[in-house]
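Per TrEMBL, the features are:
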DOMAIN    A:2-121  domain 'Response regulatory'
MOD_RES   A:Asp52  4-aspartylphosphate
DOMAIN    A:143-213  domain 'HTH luxR-type'
Amino acid sequence: MRVALTDDTVLFREGLAALLRELGIEVTHQAGNERELLEGIADDPPDVVIMDIRLSAHGAEGLHAAESIRRRHPRVGVLLLSAYAETAYALRLLENGAAGVGYLVKDRVGRVEVLEDALRRVADGQTAIDPEIVQRLMDRPSRQRPLDLLSGQERNVLQHMAEGRSNNGVAEAMFLSQKTVEKHILSIFKKLGLEQQGQDNRRVLAVLHWLQG
Amino acid sequence: MSPMTSALPAQGKAPVRAVTVVSLIAATTAVLSWIPTWEAEFALGTIYVFVVTSFAASGVFLLADRSTGRTGWAMIVAAFCYEASWWWTWPPEWEIGPAPLISFLFGYWWFAIGGLALLRYPEPVLSRRYERAYFVYFAIWIVGVKLFIAAVSKPEWAGWNEHAWWLTIAPNRALFDATAAVFKIGVIVLALLLILLLLLKIRRSRGLERADSLPASAAGIAIGFLGSFYIAAQLFHLSKPVTDALRTITALTALIAPIAFVISLTQRRLARSSVADLVVRLADCTSLKDVQSALREVLGDPTMLLAVPASPAHYVTCEGYPLTGEELARWRVPVPAGNGGTVALLLVDPALRRRADLVRSAAVAAGLVLENGLLRDDLAAQLAQVQASRRRIAEAGLAERRRIERNLHDGAQQLLLRVMSSLSLAKHRAQRGRDPSDAIETAGNDLDEALAELRKLARGIHPAVLGEMGLQPALEGVADRLTIPVTVDVTAGRLPDAVEETLYFVICEALTNVIRHADADSAEVRVTQGDGTVVALVTDDGHGGAGFEGGSGLAGLRDRVETLRGDLAIATGGDGTTITVRIPCG
């Protein structure tokens, strides 16, 4: 896999680049801001761009940068990293199309398997949402708790779905057959009163919105 | 005329000598220039002498006041131009030498210069670019076109003695007739434009400024209107009685200009005497706010602020609020104390600098009453309150820093130390050929936790999402992390940073109070905006009992809200508590 890195702090960028190389991932470009990145990848687009959501002392320029990358290079995946696990950022990112985008908390660089999994999904045109955000939304107290109606296994399926996994991905992650997963998902949508979404990518946004209440 | 200016008394007393001298010169020359016409046109002659004399006299009056001096000069020049404009009434034997040409070229100048004086009054200059452009065109028209007409005509065509000096270069009767008509149409257009400019000026002026300029503007409108009628009558060759009547009426209308100036000057003197009334009114004031409204009324400045010192160098409004940068940029007039110090400041609209004498007198009057016992007590009470609130804010800031230090020390720092010892252990094991992965695993877990701690702390200090996306997502993020369901509904749009940050902080603290003390099952946050105020409500269904006393921290929150001139109210009972925060904005 070929990856370009954008982060305004060189220290973190270099560390991440070393880690990725160690994992056998080729780092094609490193940039400090959106302009540098867009110039760098213009002629040689990578599979995925990993980018800090915050590219200066203030603001979430990464969200804007993600849009321009997706517009110019629709086949390049964008994985945003953030120091904060903000639901609002994740939702904003997904609203412009969930295919091939991801949002992870920076700490995940300490969990190589999570990072690799997210990169692979984003490169495949799927979605990757940080487990912490999904977990927090699932634990969120609410007046009515339709979530209580779900069985333990259904809750796990819902969590994986909200993180952006396809039916296939959920099946792999939970060591279940795809048929079983489909059955669970049907039951979950029914219990939560959610409309069945054909496309996996749109399903993520719908589930997250539902969880947020 | 310069010896006359030096003869003017410096203060506002009527410059009797100068007025007498200039008026006499004007009157005498006017009476003399009418000699051949007195018998035929006695009434018109009387009006004419009156106009010339009163123009000159009002000009000298205006010269006495420094701020209206230039208007004074304009009126004196206009007086003599007006005189020249009537020389056409002379018999042929007088119309010799340069006089006819002077009258022909400068006859309309009284109208232009008088209009200029009326339009800019009481300012010494024209305030708008289009007004200046207007007078440039006016001057070009009445000089340029007249010169052209003189060049293509002979004096007798314009009704003068054929032996008068003239500019004749290429006389052409048809061209002369056409240009003369075009000239008159141009003057009518210019007169109507002057009316428009005066109406615009009335529309944009306010308060004292309007009272000052209204008589002059009204006079200008009347003169412009009747003057254009008169010229139109000439243009269409209306019957002689009609033209004569219009001429007399126009001459009479010109008298309005000096009358308007006299009215305006008298008004200014009256305003000065209203400071005397102010002293009487102020004697009844029992609070600083009363004093402020009395001053606002007398100065005609509804936004004027009475600022009082919270500390020697730091002023606040008379209600104890901090001053905004915009307010501090106004004209600051010290209110003098009996001992020579400054007891307060007036922050006044800079437009009132023109009336510096009035403002200073009002400040002195205010100083007298502020020293009186009752108001001194009010002042002292206000200041004590302001100082207490400043102290609480400072203490809250200090407590907040201590809390952050303690959190860092107890949380992230301890975890990082443990990471360090785990890594030492791992290194030690690796050096001895033993498996270090257990220790590295522990270090990784501790680091995860340390990062989570730091994130929580940073978000508590200032959530990045607030500045980028506003209150709704930032508060949703807070609600996500609480142990009871909290509904967040922000219908207000984006607000100034300071307002958003204060609301966020106050709402977070209020929610923390709900979790800690209220034993509530759920809470609700609403932020709405309307009538220049943003209102935030934090409602819970707990057991109530919240108040400003004790350790609830609500007094500190109120202080923070008050720094933005807002207020915080608590309504509490057995079925829950509602905290209401109102902050003015926009």
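Cβ coordinates are placed from backbone N, Cα and C, and glycine is handled just like the others.
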Exercise. Starting from the Cβ of A:Asp52 (4-aspartylphosphate), draw a 10 Å sphere and report how many other Cβ atoms land inside it.
Key: 25
Quiz item: What does DSSP say about A:Asp52 (4-aspartylphosphate): helix, strand or coil?
Solution: strand
Self-check item: Helix, strand and coil counts within the domain 'Response regulatory' (A:2-121) (DSSP)
Solution: 57 helix, 27 strand, 36 coil
